[in-house]
Amino acid sequence: MSDQVGKGSPKSSSLSPYEEAMEALSSLITRRTRADASNVGDQFDLLFDYLKMLDLEDPIANMKVIHVAGTKGKGSTCTFTESILRNCGFRTGLFTSPHLIDIRERFRLDGKEICEEKFLAYFWWCYDRLKEKTDENIPMPTYFRFLALLGFKIFAAEQVDVAILEVGLGGKYDATNVVRAPVVCGITSLGYDHMEILGNTLGEIAGEKAGIFKNGIPAFTVPQPDEAMHVLEEKASQLNVSLQVVTPLDAQLLNGLRLGLEGEHQYVNAALAISLCFTWLKRTGHVGDIYLEQTDKLPEQFIKGLTSASLQGRAQIVPDQHLKGERSNRLVFFLDGAHSPESMEVCARWFSLAIKEYNPDQTLFHQQLDNSKFSHEVVKTHNGERVSQGKSTPILLFNCLTVRDPQLLLPHLMKTCADNGVYFKKALFVPSLSVFNKVGPQAFTLSDPKVDLSWQFNLQRVWENLMQSSKGKNTDIVSEELKDDMETSASNCEHSAVFPSLPLAIKWLRDRVQQNQSLRLQVLVTGSLHLVGDVLNLVKK
């Protein structure tokens with residue numbers, strides 16, 4: 001590793017080496033929003049200059065890459081793919097975004113985030129070299145581009161057998177798209193997201209995602225709306241790409257086991273991952289014992305990979321680990337980073353089922369909590385009934401980016417929950433905890449008196465209007481226990497409250513549980529993966 005190590009730039013002895021790297025990384029975050037018109041393309045060709053500076057051209061050309069774009073399910077598909085190939089005995093590199101707690105989550109080697117020592121060595125090697133070689137004509141790369149370059153450096157130096165790359169945004173101009181000859185490409189479910197950059201129609205969005213297709217390289221996708229499928233097929237035929245559509249995985253192929261990631265939609269992502277892995281094995285000459293034509297049986301390594309895959313922040317259940325003893329079971333967070341109308345419905349269905357199945361008194365279940373899986377045994381034993389030590393109260397903790405439309409997201413969430421008999425007693429709206437232009441531990445602030453809450457008030461108005469229009473259908477009134485003591489909130493309405501910071505909202509939830517022995521709060525955290533990451537940071541020990 002010695003030749004990889006960069007010297008870093010000792011700035012302040014009060015910062016740890018890791019904090020120092022996060023400071024340097026933060027300096028690459030531009031203050032432009034992603035919707036800034038100058039983002040489109042954003043001098044994509046500069047990326048090839050950076051590759052030259054970092055001597056990465058040959059290593060990338062030799063990398064055996066699986067490239068995945070899409071609107072929904074990219075992270076899940078990449079996670080399944082990595083897990084399958086790791087269980088087949090290959091050394092895997094996985095590059096994903098965003099991270100939830102630590103930037104190192106974006107760079108996984110053999111399924112584990114890169115250790116701090118290696119991360120710092122590769123980080124400074126790239127950062128120092130780019131600092132030295134860039135100038136006014138070729139400025140330092142922006143934040144995401146730097147991370148993608150760092151990912152390539154890590155995977156090249158660590159000599160992975162396969163690099164699985166999740167596109168950050170779009171496809172055509174994404175930093176990961178410097179790969180000119182991947183082994184195979186995948187496009188997950190397409191829907192409306194990032195329209196401020198990618199276009200207003202499904203066709204335009206599909207065109208951006210299809211930008212990862214390369215001449216003659218096989219590609220797979222899942223069933224798509226006609227408008228999107230038509231564009232994918234057109235782009236594929238222009239580039240002589242054989243594009244195949246996979247159908248959802250038949251659950252019986254798992255021999256009675258369950259997928260490692262929860263939710264019906266994961267059977268589509270799993271099927272895409274299987275096709276990507278089979279094709280990768282075939283095209284890299286690793287057919288051997290593993291490759292079996294997809295008939296009525298999946299190889300054992302594939303089943304193990306699919307059933308052991310795990311992903312933070314997707315359908316994850318975490319009791320508050322800061323409350324003592326059994327109290328932690330009285331404040332439980334159900335986390336899902338859904339942020340599109342379709343994924344909101346999936347999230348709402350999962351939450352509605354999860355709070356009925358969740359039984360903290362069952363030790364078997366307790367061991368599995370953090371693995372975001374439900375146990376069949378628990379459900380069978382209790383027939384889905386909870387042995388309650390007090391009434392359960394569903395709470396919503398929500399934030400979303402200002403480029404999303406809460407008029408689309410919140411009604412989907414509320415209606416799907418209501419259809420399943422779940423009614424939120426209170427919705428809490430909070431600003432993002434991570435400071436926009438900072439990464440790492442110093443990015444967290446307890447409460448900023450100057451924080452702008454206008455977006456959160458907007459979310460609250462949308463929610464209150466929805467509650468008013470659904471009155472009569474919702475048989476539950478707001479619990480008395482939740483009405484009092486709202487002085488820490490910036491705005492308290494009948495069905496919702498805005499808090500000036502996330503720590504204050506969580507403190508309020510903890511206080512409710514500590515002051516009332518019979519209260520059990522089941523908090524759905526959704527709308528933003530950033531929010532999910534911030535909550536995990538605060539409630540996990």
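Every residue, even glycine, has its Cβ placed from backbone N, Cα and C.
Feature list (source: TrEMBL):
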| type | residues | note |
| --- | --- | --- |
| BINDING | S97, E166, H194 | Mg(2+) binding site |
| BINDING | R314, D336 | ATP binding site |
| DOMAIN | 68-217 | domain 'Mur ligase central' |
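Note on D336 (ATP binding site): other Cβ atoms within 10 Å of its Cβ, all shown chains, come to 27. For the domain 'Mur ligase central' (68-217), the model's average pLDDT works out to 94. Here the Cβ of S97 (Mg(2+) binding site) has 19 other Cβ atoms within 10 Å, regardless of which shown protein chain they belong to. Note on R314 (ATP binding site): other Cβ atoms within 10 Å of its Cβ, all shown chains, come to 25. E166 (Mg(2+) binding site): 25 other CB atoms within 10 A of its CB, across all protein chains.
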